[in-house]
Amino acid sequence: MKVLVNGRLIGRSEASIDLEDRGYQFGDGIYEVIRVYKGVLFGLREHAERFFRSAAEIGISLPFSIEDLEWDLQKLVQENAVSEGAVYIQTTRGVAPRKHQYEAGLEPQTTAYTFTVKKPEQEQAYGVAAITDEDLRWLRCDIKSLNLLYNVMTKQRAYEAGAFEAILLRDGVVTEGTSSNVYAVINGTVRTHPANRLILNGITRMNILGLIEKNGIKLDETPVSEEELKQAEEIFISSTTAEIIPVVTLDGQSIGSGKPGPVTKQLQAAFQESIQQAASIS
């Protein structure tokens, strides 16, 4: 397998990380995961733009253009002959003697690799269980940073409880999942938290909002309370690798009929169609 290290394609065994890389020591960096369908990077420009935004928000000046990044990632996918899978890319602030503050002029370190993705067909078709948990993350969740410790801990609690995802609540209001955006269908309207600093504005989320409008479904980007969530007709979550997955039980309680609902199914079908169109056009 080839990996990308600072613009160069090398064998994975040749790649190394300096012990004083600030990403390794502080989680001082940003990342993206981009899905590959039929050899095509889905939503590449949107992911690349968000990558640059995240870098700018934490003061990292990337030494390449969006076009350079897209070209390198496409080469990586081609070199590894990836048909169905994903690319993980991250940039750290660079290497420096360990201290919290940093000097200007550090050289950012960018790495990327490909991996296979198993489409969660069972989960998409039949739905999953989720739990709720308190959202104790920092208040810049709009930045896709490497700092994911609370997400990891909460996802593990969900896993140990036999659930697929943990839905996070801040002051009694739904923000998002540990690795997904969250939507509730209430009185036929799709409700989801607005894209502010409390959530990551997912690329899949943006696609879904476009599909909601295109399909004439009502949308309301306003926070959902815990009580509203548990009484919703439908709940679904979205992410790059999960796509759209129904939540049919929450904290052991059935949601709606306990099966994937009609709005979720409609959006799943529309999303799959958009994937096919993107893969055939490219």
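Each position is counted from 1, following the chain as shown.
Using the three backbone atoms N, Cα and C, a Cβ is placed for every residue, glycine included.
Quick look at what Swiss-Prot lists:
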type     : residues             : note
BINDING  : TYR31, ARG98, HIS100 : substrate binding site
BINDING  : ARG50, GLU176        : pyridoxal 5'-phosphate binding site
MOD_RES  : LYS144               : N6-(pyridoxal phosphate)lysine
ACT_SITE : LYS144               : active site, proton acceptor
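Structure with Swiss-Prot features highlighted.
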{"residue": "TYR31", "record": "substrate binding site", "DSSP class": "strand"}
{"residue": "ARG50", "record": "pyridoxal 5'-phosphate binding site", "DSSP class": "helix"}
{"residue": "ARG98", "record": "substrate binding site", "DSSP class": "coil"}
{"residue": "LYS144", "record": "N6-(pyridoxal phosphate)lysine", "DSSP class": "coil"}
{"residue": "GLU176", "record": "pyridoxal 5'-phosphate binding site", "DSSP class": "strand"}
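Around ARG50 (pyridoxal 5'-phosphate binding site), the C-beta neighbours below 8 angstroms that are at least 6 residues distant in the chain are GLU32, LYS144, ASN201, ILE203. Straight-line distance linking the Cα atoms of ARG98 (substrate binding site) and GLU176 (pyridoxal 5'-phosphate binding site), rounded to a whole number, equals 33 Å. Rounded to a whole number, the C-alpha distance linking TYR31 (substrate binding site) with GLU176 (pyridoxal 5'-phosphate binding site) is 18 angstrom. Spanning the listed substrate site, residues TYR31, ARG98, HIS100 have a farthest Cα to Cα distance of 21 Å.
It is 29 Å from the Cα atom of HIS100 (substrate binding site) to that of GLU176 (pyridoxal 5'-phosphate binding site).
Here the binding-site residues are TYR31, ARG98, HIS100, and the one with the most other Cβ atoms within 10 Å of its Cβ is TYR31.
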